[in-house]
Amino acid sequence: MMFCVQCEQTIRTPAGNGCAYAQGMCGKTAETSDLQDVLIYALQDLSAWVLAAREHGVIDNEIDAFVPKAFFATLTNVNFDSARIVAYVNQALAHRQQLVDRLAALAVQVTGLPEATGFEPGDELLAQLAHASQTAVNRGKSEVHEDIMGLRLLCLYGLKGAAAYMEHARVLGQQDSEVAAEFHRIMSWLSTDPSELDSLFKCAMEIGLLNFRVMEMLDLGETTAFGHPEPTQVRVTPVPGKCILVSGHDMVDLKLILEQTAGTGIHVYTHGEMLPALAYPFFKQYPHLVGNYGSAWQNQQKEFANFPGAVVMTSNCIIDPNVGDYSDRIFTRSIVGWPGVTHLEGDDFSAVVAKALSLDGFKHTELEHFITIGFARNALMQAAPAVIEKVKAGEISHFFLVGGCDGDKAERAYFTEFAKAAPKDSLLLTLGCGKYKFNKLDFGNIGGIPRLLDVGQCNDAYSAIQLALALSEAFECGVNDLPLTLVLSWFEQKAIVILLTLLALGVKDIRTGPTAPAFLTPALLKVLEEQFGLKGTTTAEADLAEILAA
């Protein structure tokens, strides 16, 4: 009874939206999809018990870490392995029992729990699947208005994005008890199937503000561990030698791989959202970190097939490795999973090293090509005075933030066209894997300031927000009064929560595309346009004309 509507590539038909057959458009089977719904339900139950325990002074950091991590496994293109999802469900049930036992030992009578608590799906795959109808994310759809269902899903998917960033922050040593409590509160509340429009809209904004705090934690974790990114020239063509490709967002894994490949003759390349790592001072101590290979996630079946070495997926996004016949040399980490692919636990990457040494590696040097990255928060703040002077002098007319998630729809050419057509006296900021639509093009500079400023990973929207705040302070105006336009490409749940963060902070007149999320009804989209000025993209030419005429 699969139903999944969380990503941009979901099925859209006149009869309704969402993947609801044997397999989703992402390659996720109905079995895995249903098990993920069971997992979400179990995690919401666990969150309710976490809140009850907190009321009596019982705080468990391990459980606070587990819930968002396991929730992360249900994001688009993260974990396709049913057995791993079953194991997460069982862990959730075990953690719940720990809390029940601890409260019983305190002779505490727990009351006021949501009806969903006490969920008992069993510990085996078939038993858990039997609960699919009870746990479906669109349960009760025939009894509630489609706008209510759309807002429930907006909150659920936004919270998934926040959970992913919480896990990224945790890996870097950043946990916050108040953030965890707010996360559990929203998880538990969503399990009650709320049906009041205003409360759901309020929750969506609360998720956005929660995520702002999480992005701040993640920024602190990355800069504490690796220093502040700095403008850096990065090679994007390979050199001869054995090789490992590291994709995803987890820079701690990249660090471990670099340590364990030192002196082996293996070259390490970043891929996708790992590209920004090359701008951090810490990683410049490793001469065998030679550059970035490939582009965004949707091209991996071709790029990984052509890569003559081992591949490590540290987080999203993974797609079917059997298509390119490289499943025997790709490895998954943390929450990532694909059936039949080797999953690595712990910090030992010797299997990856051995695989890389057994493969041919690159035989020839390709023509050098470099791009510039590293314009995250600190670099932007250092450049801000010069930028402000050029705005005052009339040399810079507008700022565009063009980025987000990439994808394979032809309509995404819009973002390439938009960047190329932007006025020559404008600056282009970009982040996320959406940057690959244009980050190898030469946009020139304005008085020594590159017109294209790569801010970093999708979560580095935090850096862009800090720049906007600095500019608004310098020009003594609100952020919405700046000559600044945000044009965001969305694909999955991280992009959803970043959008919620921007809206919760009061940022207006954002354009997003190439299509609207399928779970948002026309009425909800109208409300978002009326309240926030949120618009869908049309054509690059028409949108630019409208923006510049305002």
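Just so it is clear, glycine is given a Cβ too, placed from its N, Cα and C backbone atoms.
What Swiss-Prot annotates here:
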{"type": "BINDING", "residues": "C4, C7, C19, C26", "note": "[2Fe-2S] cluster binding site"}
{"type": "BINDING", "residues": "H249, E273, C317, C405, C433, C458, E492, K494", "note": "hybrid [4Fe-2O-2S] cluster binding site"}
{"type": "MOD_RES", "residues": "C405", "note": "cysteine persulfide"}
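Location within the structure of each feature annotated in Swiss-Prot.
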residue: C4; record: [2Fe-2S] cluster binding site; DSSP class: strand
residue: C19; record: [2Fe-2S] cluster binding site; DSSP class: strand
residue: C26; record: [2Fe-2S] cluster binding site; DSSP class: coil
residue: H249; record: hybrid [4Fe-2O-2S] cluster binding site; DSSP class: coil
residue: C317; record: hybrid [4Fe-2O-2S] cluster binding site; DSSP class: coil
residue: C405; record: hybrid [4Fe-2O-2S] cluster binding site; DSSP class: coil
residue: C433; record: hybrid [4Fe-2O-2S] cluster binding site; DSSP class: helix
residue: C458; record: hybrid [4Fe-2O-2S] cluster binding site; DSSP class: helix
residue: E492; record: hybrid [4Fe-2O-2S] cluster binding site; DSSP class: coil
Rounded Cα-Cα span from C4 ([2Fe-2S] cluster binding site) to C405 (hybrid [4Fe-2O-2S] cluster binding site), Å: 19
For C4 ([2Fe-2S] cluster binding site), the one of H249, E273, C317, E492 that lies nearest, given that the binding-site residues are compared by Cα: E492
Rounded Cα separation (Å) that holds between K494 (hybrid [4Fe-2O-2S] cluster binding site) and C7 ([2Fe-2S] cluster binding site): 10
Candidate nearest C19 ([2Fe-2S] cluster binding site) in space, where candidates are the binding-site residues E273, C433, C458, E492 and distance is Cα-Cα: E492
Rounded Cα separation (Å) that holds between C458 (hybrid [4Fe-2O-2S] cluster binding site) and C7 ([2Fe-2S] cluster binding site): 16
Remaining residues near the recorded [2Fe-2S] cluster site, that is with C-beta within 8 Å of the centroid of the site residues C4, C7, C19, C26: V5, Q6, Q9, T10, G18, G24, M25, K28, S33, T76
Under 8 Å by Cβ from C317 (hybrid [4Fe-2O-2S] cluster binding site), same chain, sequence gap 6 or more: T76, N77, V78, G272, W297, Q298, Q300, E492
Residue pair C26 ([2Fe-2S] cluster binding site), E273 (hybrid [4Fe-2O-2S] cluster binding site) - Cα distance, angstrom, rounded: 19
Cβ-centroid neighbours of hybrid [4Fe-2O-2S] cluster site H249, E273, C317, C405, C433, C458, E492, K494, 8 Å, sequence order: G272, W297, N316, G432, Q457, F491, A495
Chain-internal residues near H249 (hybrid [4Fe-2O-2S] cluster binding site), provided their CB is under 8 angstroms and they sit 6+ positions away: H168, E273, M274, T314, S315, N316, Q457, N459
Cβ packing number for C433 (hybrid [4Fe-2O-2S] cluster binding site), 10 Å threshold: 26
C-beta crowding around C26 ([2Fe-2S] cluster binding site), within 10 angstroms: 21
Binding-site residues listed as C4, C7, C19, C458, least Cβ neighbours within 10 Å: C19
Cβ neighbours of E273 (hybrid [4Fe-2O-2S] cluster binding site) where a neighbour is any other Cβ within 10 Å: 28
